[in-house]
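Here is what TrEMBL says about this protein:
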{"type": "DOMAIN", "residues": "6-120", "note": "domain 'Tetrahydrofolate dehydrogenase/cyclohydrolase catalytic'"}
{"type": "DOMAIN", "residues": "139-281", "note": "domain 'Tetrahydrofolate dehydrogenase/cyclohydrolase NAD(P)-binding'"}
{"type": "BINDING", "residues": "165, 166, 167, 231", "note": "NADP(+) binding site"}
Ligand SMILES: Nc1nc(=O)c2c([nH]1)NC[C@@H]1CN(c3ccc(C(=O)N[C@@H](CCC(=O)O)C(=O)O)cc3)C=[N+]21
């Protein structure tokens, strides 16, 4: 193996420890940071994720509430809960776990969350704040990817970064964050004829596709930083990313594992955003 491992689990722990320190200071001032996590339906993977988020809050000394609703919960009922959480002074962040059941319009739900509590950064106003470099919340996964890249000491200025995937939650905000760090950014997607032609020129590759082994060693420039956002299962049911880790680690300079890479950072940045929201709420009174 030539690549150095970027340990997302270790980095997430140090960020969460820092969150805990700042949360304790806020709590001492009478403002304990609070996160509300809302889940509708019975998708088992989603239930595992939200449990991890709530546990991470408890570990860092944040207040959290988990609201679980049956798959039959209506859109109107959910919007009423969001309205209540928007007006709840003990709650600084609201996360509605995706995906939602088909009868609920996710856009309507996301837009109902007040921007100051949109710690997922999924709303159109948060997206606009990201695009225009205003202080709104950055989506947790791309924000965590930036911290992972930063942790290597790699300076993005003037470097070529290739993002594979153009989702609203990862690919698009990732490209904007890399651009803000002065990288030259290429976004590849399902209609890109030859993705390898682009990634072979890249100093940084962020793979956010959702297809196992889509990035192989022959597509990577020697020494490149490779960030794997994928969440897939292999034939044995084991969690794996989008990157052919065993092949790419022989070529890359730095690489994130799955699990233990981007996933834990997503949760760490959710706590950072919630803490930041609580700090802002104190400043605004
Ligand atoms: N409103 C909303 N916000 C989200 O941030 C959101 C969401 N909906 N829906 C689903 C995705 C997925 N997601 C993950 C978070 C942590 C891990 C994570 O911690 N993964 C561990 C492994 C966990 C395991 O073993 O399954 C790791 O990669 O090491 C994974 C996935 C947040 N999401």
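Just so it is clear, glycine is given a Cβ too, placed from its N, Cα and C backbone atoms.
Sequence features annotated in TrEMBL and their locations in the structure.
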| residue | record | CB count, 10 Å |
| --- | --- | --- |
| 165 | NADP(+) binding site | 24 |
| 166 | NADP(+) binding site | 18 |
| 167 | NADP(+) binding site | 17 |
| 231 | NADP(+) binding site | 18 |
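According to DSSP, residue 231 (NADP(+) binding site) sits in a coil region rather than a helix or strand. Each residue of the domain 'Tetrahydrofolate dehydrogenase/cyclohydrolase catalytic' (6-120) gets a DSSP state, and the totals for helix, strand and coil are 59 helix, 18 strand, 38 coil. Summarised by DSSP class, the composition of the domain 'Tetrahydrofolate dehydrogenase/cyclohydrolase NAD(P)-binding' (139-281) is 54 helix, 26 strand, 63 coil. Per-residue pLDDT, averaged over the domain 'Tetrahydrofolate dehydrogenase/cyclohydrolase NAD(P)-binding' (139-281), rounds to 98.
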